[in-house]
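**Q** Checked Swiss-Prot, it gives:
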DOMAIN    20-62  domain 'F-box'
BINDING   Arg90, Arg351, Tyr389, Arg412, Arg499  jasmonate binding site
Amino acid sequence: MGGEVPEPRRLNRALSFDDWVPDEALHLVMGHVEDPRDREAASRVCRRWHRIDALTRKHVTVAFCYAARPARLRERFPRLESLSLKGKPRAAMYGLIPDDWGAYAAPWIDELAAPLECLKALHLRRMTVTDADIAALVRARGHMLQELKLDKCIGFSTDALRLVARSCRSLRTLFLEECHITDKGGEWLHELAVNNSVLVTLNFYMTELKVAPADLELLAKNCKSLISLKMSECDLSDLISFFQTANALQDFAGGAFYEVGELTKYEKVKFPPRLCFLGLTYMGTNEMPVIFPFSMKLKKLDLQYTFLTTEDHCQIIAKCPNLLILEVRNVIGDRGLEVVGDTCKKLRRLRIERGDDDPGLQEEQGGVSQLGLTAVAVGCRELEYIAAYVSDITNGALESIGTFCKNLYDFRLVLLDRERQVTDLPLDNGVCALLRNCTKLRRFALYLRPGGLSDDGLSYIGQYSGNIQYMLLGNVGESDHGLIRFAVGCTNLQKLELRSCCFSERALSLAVLQMPSLRYIWVQGYRASQTGLDLLLMARPFWNIEFTPPSPESFNHMTEDGEPCVDSHAQVLAYYSLAGRRSDCPQWVIPLHPA
C-alpha cells in the first residue's frame, strides 16, 4: 500500500458542469446575467451556452449602426425585448457631422420590427428616422411597444408622433430630447392624453414643439403614473393646473419664465409634493424663491438655462444639501463651487457647461478654475461623474481629484482658450496622478490647448488607463512618437476620439494596430494628406476605413519640415464591422480599402 503511486487525477467530461446542468437551470442562470461582457464570455464557453444565451438575451446595444447587419442580429437573438442603436459619431452633436452623413433607421426597422415578436423597447440615438420608419414600427410593434426613445434624432414630424400616441396604448416611455422635429401641430399630445393611461415618462425637452397646457393637464388626469415630464418652452404660469393635477410627478424640466422680474406672475406656481428632480428655463434672481420651499428635498438641479449670477448660484445651492446631481454653466464660478463643496456632501454627478463667451461677463462672474475644482474634490468625495469647462487648471487640482474622488468612473475636462495664459502647463503630472488613483474610471475626456500635454503626458494616459473603455483627447501630445507610446498601454480601450492633434496618418494607423480592443476610432483635425493612403496601414479583416479629405486651401499649407498642417476639415472614421462596407456613404466620404 505504501509503495503504490496514486493515479493522476483526470477530468471526466461526463461529470463536467456543462453536462450535468439541465437547460432549464442554465436558462434561469443566464436570465440573471445582465452585463454584456459577462454574457459574451458565457456564450463562448460552448455551443450549448451560445444557444442558450441567444434564446435568453433580453437587451442588446449596438454601439454603432454600421458595425452589424440587422438580419444577423435577428438570427442571433430572436427573443430580444429591448434594442438600443447608436448612429452618427458624437461629433454630430457639435455640428461637425452633416445631416446627410448617414445612420438611417430604415434598414433596422424594416428588418427587425416584425420578426422580433418580443420587442417592447427601442432606443435610437443620433439617427435619421422618417415618418415612414415610425409608421412601420407602429404597424409591427405598436400593440406591445412600451418604450420609444428617439435621442437627438432627425427626419420626422409630429404626424408620426400622433400615430404613436393613437396606436401605442401600452407606451410607458416616450423620449424625444433634442430631436429636430417638424411641428405640424400639437394634436399628438392630445391624442397621447386621450389614449394612454400608463405613461410614466414623457420627454420632449430641447425641442421646438408647441403644446397646449390643457393637454398636459388632461395627460396628468389620465396618467396617474406620470413620474417624469421634460418639456419644451411654455410659460410656467400656464402650468399651474398641471402641477396641481400631477401628484405623482418627481422629475420636471423645461417650462420657462417668460416675464423675468414680474414678481407676482409666478407666485401661484406650486410644484407637486414628490418633486425632487428639477430644471427650470430662463429663471432669474427674482424667480428663485419658487424653489426654496422644497429645496431640501431636491436630488437633481439643472440650472444650465437660467439667468442666474454667481451669487444666485451660491444662494440656491446652499439650500440644497441633498443634491445627487448638479448641472450648471461655468457662471457658477469658483465661489459657487466652494459652496457646492461645503454643502453637497452626497453629490454623485457634476456637470459644468460652457457659458456666455462675453469676456466682460466672465470678468464679473468669475469662471471656473483649479480653485473651484479643488474645493469640489475635497468636499464631494462621493462624486462618480465630473464634466467641466474650465478657464484655468493646474496639476495640483487634478491631483486633488485623484486623491479624493476615488469613485469616479467618468471624467471630462475642457480647457477653454479665452485666457491668454494658463497657470500650469503641461498637465502631465496631474493627469498621471488622476489616472493612477481613480482606478474605477471607464470614460475619460481631455480637451486642452496646444502645449497642454506633452508626449510624456500622453504616454502616462496610456500607461494608467488600463480599465478605460472610451476616451476623447484634443490638443494633446507633441509628436507621432507620443501617440505610439500612448497606444501601447491602451489594452482595453474600445472607442477613441481625437481632435486637433498634430499626428500624421501613418502614426494614427500604427497606433490603431497597437490597441487590441479598439473597435472604433474617429479623428478630426490632424496632419492629413489629400489621398489618405497611409491610413491603409491599419487595414485588416472586417475593419472599415472612411476618409473625409482636407480642404484644398489647407492642403497647400505646409509646416517648416514639409509636412501637411493640421486640417480641421479632414476626418477619419474606422471601425470593426460584420456588415461589410456601407452602401450609403455621401459623396464627400471616401471608403478606403486595399486594392
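Note that Cβ sites are derived from N, Cα and C of the backbone, with glycine treated the same way.
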**Q** Take the domain 'F-box' (20-62) and find every residue of the same chain, 6 or more past its ends, with a Cβ under 8 Å from one of its Cβ atoms.
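**A** Long-range Cβ neighbours of the domain 'F-box' (20-62): 68, 73, 76-86, 121.
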**Q** With an 8 Å cut-off on Cβ-Cβ distance and a minimum sequence separation of at least 6, pull the same-chain contacts of Arg499 (jasmonate binding site), or say none.
**A** Tyr447, Leu472, Leu473, Gly474, Asn475, Val523, Gln524, Gly525
**Q** Rounded to a whole number, what is the top Cα to Cα distance in Å among the residues the record ties to jasmonate, namely Arg90, Arg351, Tyr389, Arg412, Arg499?
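**A** Roughly 21 Å, rounded to the nearest whole number.
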**Q** Could you list the residues of the same chain, at least six apart in sequence, whose Cβ is under 8 A from the Cβ of Tyr389 (jasmonate binding site)?
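**A** Listed in sequence order, they are Asn330, Ile352, Glu353, Arg354, Gly355, Val368, Val414, Leu416.
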**Q** Within 10 angstroms of the C-beta of Arg351 (jasmonate binding site), what count of other C-beta atoms is obtained when all protein chains are considered?
**A** 17
**Q** Over the domain 'F-box' (20-62), what is the model's mean pLDDT?
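**A** Mean pLDDT for the domain 'F-box' (20-62): 77.
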